[in-house]
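Notes for the one structure printed next.
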């Protein structure tokens, strides 16, 4: 009985270490992924703000000069 409890405890610790969201008490939601994707689409240049006269290109993933 004690041996099986120890084995179960080890597996539970390994499981929680693999999925840290489960031990934080937060719900796992697919909306987090959507938020991350929308943040990426709003600024695909890895968080870099483009200088004045330039815009961030989704295709090139870099700042390019705005066309007039």
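Cβ atoms are placed via backbone N, Cα and C, with glycine included.
Going by Swiss-Prot, these are the annotated features:
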type     : residues : note
SIGNAL   : 1-25     : signal peptide
DISULFID : 45-56    : disulfide bond
DISULFID : 50-63    : disulfide bond
REGION   : 55-67    : region 'Highly charged C-terminal region, binds to TRPV1 channel'
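Spacing of residue 50 (disulfide bond) relative to residue 56 (disulfide bond) is 6 Å (Cα to Cα, whole number). Here the C-alpha separation of residue 56 (disulfide bond) and residue 63 (disulfide bond) works out to 4 Å. Helix, strand and coil content of the region 'Highly charged C-terminal region, binds to TRPV1 channel' (55-67), in residues and according to DSSP, is 0 helix, 7 strand, 6 coil.
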